[in-house]
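Sequence annotations record features per position, and here TrEMBL assigns GTP binding site to Gly15, Ser16, Gly17, Lys18, Gly19, Thr20, Arg121, Val130, Tyr131, Thr192. If you look up TrEMBL, you'll see Ser36, Arg41, Leu57, Leu58, Val59, Gly84, Phe85, Pro86, Arg87, Gln91, Arg154, Arg165 marked as AMP binding site. For 120-157, the entry in TrEMBL reads region 'LID'. Among the features that TrEMBL reports, domain 'Adenylate kinase active site lid' is placed at 121-156.
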Amino acid sequence: MASKLLRAVVLGPPGSGKGTVCERIARSFGLQHLSSGQFLRETEAGVLAQQYLERGLLVPDHVITRVMLTELEKRREQHWLLDGFPRTLGQAKALDGICQPDLVISLNIPFETLKDRLSARWVHPASGRVYNMDFNPPHTQGVDDLTGEPLVQREDDKPEAVAARLRKYKDAAKPVIELYKGILYSFSGTETNKIWWFFFSINYFLLNVFLSQKATLSPVAIWGATWKMCVPQS
Ligand SMILES: Nc1nc2c(ncn2[C@@H]2O[C@H](COP(=O)(O)OP(=O)(O)O)[C@@H](O)[C@H]2O)c(=O)[nH]1
Ligand SMILES: Nc1ncnc2c1ncn2[C@@H]1O[C@H](COP(=O)(O)OP(=O)(O)O)[C@@H](O)[C@H]1O
């Protein structure tokens, strides 16, 4: 049977838990977790885009699209899960030009919750590991669990940048959500653990069948049908 690759996208405002959920999905199902923010922070393109990153502004479409399409090109034979890309209609169209996602997961988290989470987010810059002083604190305050290196707060997580980021996200994401509405699965809530368990319990069997290449019918289609019966679509 021809090998099928799973291409998934996670959409959500800054602080909605994309990185946290993607990490768990990637670990549980063996997908590659590709974070646009992390690629920017690690590559030369990100150094040039520093002024955008620090102020929490979206990097121009042509810059991030080039970074992401280059990374996707290197992973043509892998299952992947995109975190943070696409964020605008232009980016979504560029992605569609090379491959169409099988499914899109959208996280809807209340604004107040996002603000609280971002102000308590600390990161280990070298690895991208993320902590939260309430939700998943490091073993020792202020240092990364694995390396012992210091944690930092991102410039764009400081209160002055957060409100503008959240506003801009909404405007840019609307047409993207519209574009993907046929393959979109929305999760609403204030706790990543609940969203995760809901996702995991519905999808464990279907995704594993798909990923092990034993499916004759796309589980994404079966999942879509099950999902529509279980969850009122927003
Ligand atoms: N209190 C709380 N914090 C969470 C929860 N889920 C994620 N976080 C934290 O919220 C912050 C933002 O999560 P992250 O995955 O980085 O969001 P992203 O910006 O969408 O990728 C991080 O500090 C996480 O540790 C949750 O359910 N409750
Ligand atoms: N798809 C994208 N389009 C434009 N800018 C992006 C994109 N992805 C990431 N960035 C830039 O990188 C920053 C950090 O992104 P990310 O790590 O995904 O954090 P968050 O989910 O908290 O916004 C964004 O504020 C933005 O400046």
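Keep in mind that glycine also has a Cβ here, set from the backbone N, Cα and C atoms.
These numbers come from a predicted model, not from an experiment.
Features per TrEMBL, on structure.
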residue	record	DSSP class
Gly15	GTP binding site	coil
Ser36	AMP binding site	helix
Leu57	AMP binding site	coil
Phe85	AMP binding site	coil
Arg121	GTP binding site	strand
Tyr131	GTP binding site	strand
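Between the CA atoms of Leu57 (AMP binding site) and Arg121 (GTP binding site) there is a gap of 18 Å. Highest local Cβ density among the binding-site residues Leu57, Val59 belongs to Val59, counted as other Cβ atoms within 10 Å over all protein chains shown.
Residue pair Val59 (AMP binding site) / Gly15 (GTP binding site) shows a Cα separation of 18 Å. Looking just at the region 'LID' (120-157), the mean pLDDT is 91.
Look at the binding-site residues Gly15, Gly19 and count other Cβ atoms within 10 Å of each Cβ; Gly19 has the fewest. It is Tyr131, among the binding-site residues Phe85, Tyr131, whose Cβ has the fewest other Cβ atoms within 10 Å in the structure shown. The local packing around Ser36 (AMP binding site), expressed as other Cβ atoms within 10 Å of its Cβ over all shown chains, amounts to 22. Taking only the Cα positions, the spacing between Phe85 (AMP binding site) and Gly19 (GTP binding site) is 12 angstrom. Among the binding-site residues Gly17, Phe85, Arg121, the residues whose Cβ sits under 6 Å from any atom of ligand 1 are Gly17, Arg121. The distance from the Cα of Arg121 (GTP binding site) to the Cα of Arg87 (AMP binding site) comes to 21 Å.
Other Cβ atoms within 10 Å of the Cβ of Arg121 (GTP binding site), summed over all protein chains shown, number 19. For ligand 2, the nearby binding-site residues are Ser36, Val59; that is, of Gly17, Gly19, Ser36, Val59, Arg154, these have a C-beta under 6 Å from one of its atoms. When the record's GTP-binding residues Gly15, Ser16, Gly17, Lys18, Gly19, Thr20, Arg121, Val130, Tyr131, Thr192 are compared pairwise by CA position, the greatest distance found is 14 Å.
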